[in-house]
Amino acid sequence: MATLRFLSVLVLVFLVLEISNGQGLKLGFYQKTCPNAESIIYKTTASYVSFNPTLPAALLRMHFHDCFVRGCDGSVLINSTSTNQTERAAIPNLTLRGFNVIDAAKAAVEKVCPGVVSCADILSMVARDSVAVIRGPWWNVPTGRRDGSVSIMTDAFTLPAPFFNSTQLIASFASKGLSAKDLAVLSGAHTIGVAACASFATRLHNFTGKGDSDPALDNSEYVPRLKSKCKPNDLVHTAEMDPGSFKTFDSSYYKLVSKRRGLFTSDSTLLDDPVTKAYVKSQARSHGATFFKDFSVSMEKMNAIEVLTGNAGEIRKHCALIN
């Protein structure tokens, strides 16, 4: 009986180790089992991004939303069923796109190595590769993640929201092992992409319920420009996150934030915390001297959050379906 208890404890210890940040991941994990996996994934990603250069922002966002809910386990990819509403059905995830790229990469890899490469690894690599294609930073993606078999809509309600203040954002990131600096660095991903007018309309048209604008925004030029694009109750149009270079991964985001031109409250509030403010000002002054390097470091931390490895989880045959 004592031996059985010992073995049970040992199994539990190993399971905990397999769900820790980065434990069990390594570069070239598929070198022997699927040596061409990474090149196949890169080529597939590049073909989609070359046709649609707005995809890197979408794929980065999807990767972020995956890692911040149950860790980087590909659970955001799972379709809802008649008995379970998954993360994809949660309001913050309804505007996610790029699932077709993940499915295409998975299908291409399955042709040569069926049942070997996880969807969680594919999503991590596709996010990195898509940014590389548009000449953004490159970061290492150690592989060996396993796919989660649990995806629950309400879990996604814990995602950091665009209306969070600095205190809420820092707490959210800290809960995932990320620092205030990581928050400031990863927010720089908003240098690419667009946002629906409805997602920030209150900041423009009715911030305190009196038809006013958020005083944290530059009301002299930025707000009038946004109002010309986004009318009240606009559910159709979008605005560029980084006007003029929303398809280019660069450091201009920090100049905008420092001038009070961050589109979301979560952008503007970076000026409310001493650590994040210092980073914003530093990158704005230095034209992003360390941004690419910093972004790579923070992404390597993020894509190792609460990963499943070893015997935990599964390798899905189709990314949208639990085996």
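In case you wondered, yes, glycine gets a Cβ from its N, Cα and C as well.
Automatic, uncurated: that is what TrEMBL annotation is.
Per TrEMBL, the feature signal peptide maps to 1-22.
Summarising the annotation, TrEMBL assigns domain 'Plant heme peroxidase family profile' to 24-323.
The annotation disulfide bond is assigned in TrEMBL to Cys34-Cys113 (among others).
Around Arg61 (site 'Transition state stabilizer'), the same-chain residues six or more apart in sequence whose CB sits under 8 Å from its CB are Leu96, Ala189, Gly193, listed in sequence order. Per TrEMBL, the feature site 'Transition state stabilizer' maps to Arg61.
Cβ neighbours of His65 (active site, proton acceptor) (same chain, under 8 Å, six or more residues apart in sequence): Val76, Glu87, Pro92, Asn93, Leu96, Ala156, Leu159. Marked as active site, proton acceptor by TrEMBL: His65.
Among the features that TrEMBL reports, Ca(2+) 1 binding site is placed at Asp66, Val69, Gly71, Asp73, Ser75, Glu87. Using a 10 Å radius centred on the Cβ of Asp73 (Ca(2+) 1 binding site) and all shown protein chains, the other Cβ atoms total 30.
Residues or ranges marked as disulfide bond in TrEMBL: Cys67-Cys72 (among others). Sequence-distant neighbours of Cys72 (disulfide bond) (same chain, 6+ residues apart, CB-CB distance under 8 A): His63, Asp66, Ala120, Leu123, Ser124, Arg145, Met302, Asn303, Ala304, Ile305, Glu306, Val307.
For Cys319 (disulfide bond), the same-chain residues 6+ apart in sequence whose C-beta sits under 8 angstroms from its C-beta are Gly74, Leu77, Ile78, Phe99, Ile102, Asp103, Lys106, Cys119, Ile122, Leu123, Asp147. Summarising the annotation, TrEMBL assigns disulfide bond to Cys119-Cys319 (among others).
Residues or ranges marked as substrate binding site in TrEMBL: Pro160. Every protein chain considered, the tally of other Cβ atoms within 10 Å of the Cβ of Pro160 (substrate binding site) stands at 20.
What TrEMBL lists as heme b binding site is His190. There are 24 other Cβ atoms within 10 Å of the Cβ belonging to His190 (heme b binding site).
The Ca(2+) 2 binding site annotation in TrEMBL covers Thr191, Asp242, Asp250. The C-beta environment of Thr191 (Ca(2+) 2 binding site), restricted to residues of the same chain at least 6 apart in sequence and closer than 8 Å, consists of Met241, Asp242, Ser245, Phe246, Thr248, Phe249, Asp250, Ser251, Ser252, Tyr253.
The disulfide bond annotation in TrEMBL covers Cys197-Cys230 (among others). Using a 10 Å radius centred on the Cβ of Cys197 (disulfide bond) and all shown protein chains, the other Cβ atoms total 22.
Taking all protein chains in view, 19 other C-beta atoms sit within 10 angstroms of the C-beta of Cys34 (disulfide bond). Taking the C-alpha atom of Asp73 (Ca(2+) 1 binding site) as reference, the shortest distance to any of the recorded positions Cys34, Cys67, His190 belongs to Cys67.
Sitting within 8 Å of the Cβ centre of Thr191, Asp242, Asp250, and not among those site residues for Ca(2+) 2, are the Cβ atoms of Gly188, His190, Ile192, Met241, Ser245, Phe246, Thr248, Phe249, Ser251, Ser252, Tyr253. Separation of the C-alpha atoms of Cys34 (disulfide bond) and Gly71 (Ca(2+) 1 binding site): 24 Å, rounded to the nearest whole number. When the recorded positions Cys67, Val69, Cys113, Cys119, Cys230 are scored by other C-beta atoms within 10 Å, Cys119 scores highest. A Cα-Cα distance of 25 Å separates Gly71 (Ca(2+) 1 binding site) from Cys113 (disulfide bond).
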